[in-house]
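Novice: Next up is a structure, given as structure tokens.
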Amino acid sequence: AIMALAPVPKVVFGLIAFAIFWVLAVFPAVPFLPIGRTAGSLLGAMLMVLFQVITPDDAYATIDLPILGLLFGTMVVSVYLERADMFKYIGKLLAWKSRGAKDLLCRICVISAVSSALFTNDTSCVVLTEFILKIARQHNLPPTPFLLALASSANIGSSATPIGNPQNLVIAVQSKISFGNFLVGILPAMVAGVVANATILLIMYWKLLSVHKDEEDAGAEAVVEEYDSHRFSPATMSHFSSLNSQEWNSHLEAISVQNSPQQILRNRSIASEIIGVSSNTFDSARISSLPRDGTNGVPSLTKEETSPTSSSATVDTLINPSERKNNLIIRWKRVLWKSCVYIITVGMLVALLLGLNMSWTAITAALALIVLDFKDARPCLEKVSYSLLIFFCGMFITVDGLNKTGIPSALWDIMEPYSRVDRASGVAILAVVILVLSNLASNVPTVLLLGGRVAASAAAISKADEKKAWLILAWASTISGNLSLLGSAANLIVCEQAIRAPNLPYTLTFWSHLKFGIPSTIIVTAIGLTFIR
């Protein structure tokens, strides 16, 4: 059943609209139209409707709401995990009893893979980049291998679960493979991939990592003390400024007005050296109006757990016993709240493993966290990357418009006989097609374009092969993100975060990434494919 091409005008207009989307999605800062990725996908979608490639009603129908719901839910959950210092603990794991540079590299690979499987790769990268730069600086090691380890392992790790990255969400929702089956199907490949990737990094950077003898653990511990949860907005690089300094000052004023004179004194002393705002300064109810994580350089208000800052030590003498008791209560409340956040998150993962509806499970967990927090959720909801959700809407419409032109089907009909998943050669060719397409059109559009077709042709062979085809698609499209810096959002985030890191900016270059990316991608993809059942 060869699907005929659409009428010529429709094909031409469809291609024009898709080309505009493609250019803006792949190169977000094109000089002739620097409107960025999100607006680019909306522009593509609008042109598809305007050029009558797709009807307005069909356009809305193509937007896959379960995927958006799942994305939204996981983003909210990760905002709360960040507030509950989850990633601070992960950071401590990196520095804990470290045995030198090679040990650190392997740790980064494992921790980054596991955390991105559970909390999406973008989140892991946003949160761990600055931390890894600090540890590298502390031990006076070159950051490149560690940043590469973070980005590449985050991509590999995220392949194992439907909530690891956006293309897996799409695959899990469209293929109706349950969370547990998905995990079991890809986990062996993921483990093998992480090991292979770490080995490649060690071989490439062995000399570089052997030169530096690292200092005592003490250095590593110190890093943890000064590590602060920081700018956090998953999967976006463009808007880290949700709380500007003026607002921050007015908050401080408001807080000091409500407090006793000695509180004011304390606020002043801390406001003056705002770097160490400690939570015993204001009681947590007053803080509620502020986001906990330092957004746009506003420091975290929850640092007190690790080390009371010097200023709070000097004003300690002003605190009467009743206030000290209050602080204790506040601290206990916080410990209780943290444990509830972790329990809800584990509950969400269990529910997903039991095969409940994925997007509603994530949304339920998100709302449980919001209700439990018991205060205005706006600051937390503002940290969700809505532009990513909009990007997805535009992309669904644009890709569907391209499908309506009949071109992808025609191309697939040519490829199909050679890429059957019941033969090794077929799997190899399919993987190459996915690798190339993912790097040309980025991985989510690739999955949207190929998914149904690959699955349909595999389903003709057998039911098991259909599942295998979906998993191959998930694996190859995710690992292809390691090929170049532009391959996945995770790479770009690591790069951006490293450039923006306060007081230790570092630039990860395209070429230093590529000379590791090409061999790593090919070897890891090949090894993983042999494990996918």
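Just so you know, glycine gets a Cβ as well, placed from its N, Cα and C.
Pulled these from TrEMBL:
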COMPBIAS  307-316  compositional bias 'Polar residues'
DOMAIN    29-479  domain 'Citrate transporter-like'
REGION    289-316  region 'Disordered'
TRANSMEM  12-32  transmembrane segment
TRANSMEM  39-55  transmembrane segment
TRANSMEM  61-83  transmembrane segment
TRANSMEM  182-206  transmembrane segment
TRANSMEM  335-352  transmembrane segment
TRANSMEM  386-407  transmembrane segment
TRANSMEM  427-450  transmembrane segment
TRANSMEM  470-494  transmembrane segment
TRANSMEM  514-532  transmembrane segment
Novice: Any residues 6+ beyond the ends of the transmembrane segment (61-83) with a Cβ under 8 Å from its own?
Specialist: 54, 119-120, 123, 127, 162-163, 166, 169-170, 173-174, 229, 232, 234-235, 292-293, 302, 341, 345, 348, 357-366, 369-370, 373, 380-381, 383-385, 388-389, 392-393, 396-397, 400
Novice: By Cβ distance under 8 Å, which residues at least 6 away from the ends of the transmembrane segment (182-206) in the same chain are close to it?
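Specialist: Apart from its flanks, the transmembrane segment (182-206) reaches 102, 105-106, 109-110, 113, 117, 144-145, 148-149, 152-153, 156-157, 159-162, 168, 172, 353, 467-468, 471, 474-475, 479, 482, 516, 519-520, 523-524, 527-529, 531-533.
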Novice: The transmembrane segment (39-55): which same-chain residues, six or more beyond its ends, come within Cβ distance under 8 Å?
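Specialist: Contacts with the transmembrane segment (39-55): 6, 10, 13-14, 16-18, 20-25, 28, 33, 62, 390-398, 400-401, 404-405.
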Novice: Take the transmembrane segment (12-32) and find every residue of the same chain, 6 or more past its ends, with a Cβ under 8 Å from one of its Cβ atoms.
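Specialist: Apart from its flanks, the transmembrane segment (12-32) reaches 6, 39-41, 43-45, 47-48, 51-53, 391, 394-395, 398-399, 401-402, 404-405, 407, 440-442, 445, 486.
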Novice: Would you kindly list the residues that approach the transmembrane segment (470-494) from elsewhere in its chain, counting only those six or more residues past its ends and only Cβ-Cβ distances under 8 Å?
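Specialist: Counting only partners 6 or more residues beyond its ends, the transmembrane segment (470-494) has Cβ contacts under 8 Å with 26, 116, 121-122, 124-126, 129, 147, 150-152, 154-156, 158-159, 164-165, 167-168, 171, 175, 177, 182, 185-186, 189, 193, 197, 235, 237, 421, 427, 430-431, 434-435, 438-439, 442-443, 446-447, 450-451, 454-455, 508, 510, 513-514, 517-518, 520-521, 524-525, 528-529, 532.
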Novice: By Cβ distance under 8 Å, which residues at least 6 away from the ends of the transmembrane segment (335-352) in the same chain are close to it?
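Specialist: Non-local partners: 77, 80-81, 83-86, 118, 162-163, 179, 358, 361-362, 364-365, 368-369, 372-373.
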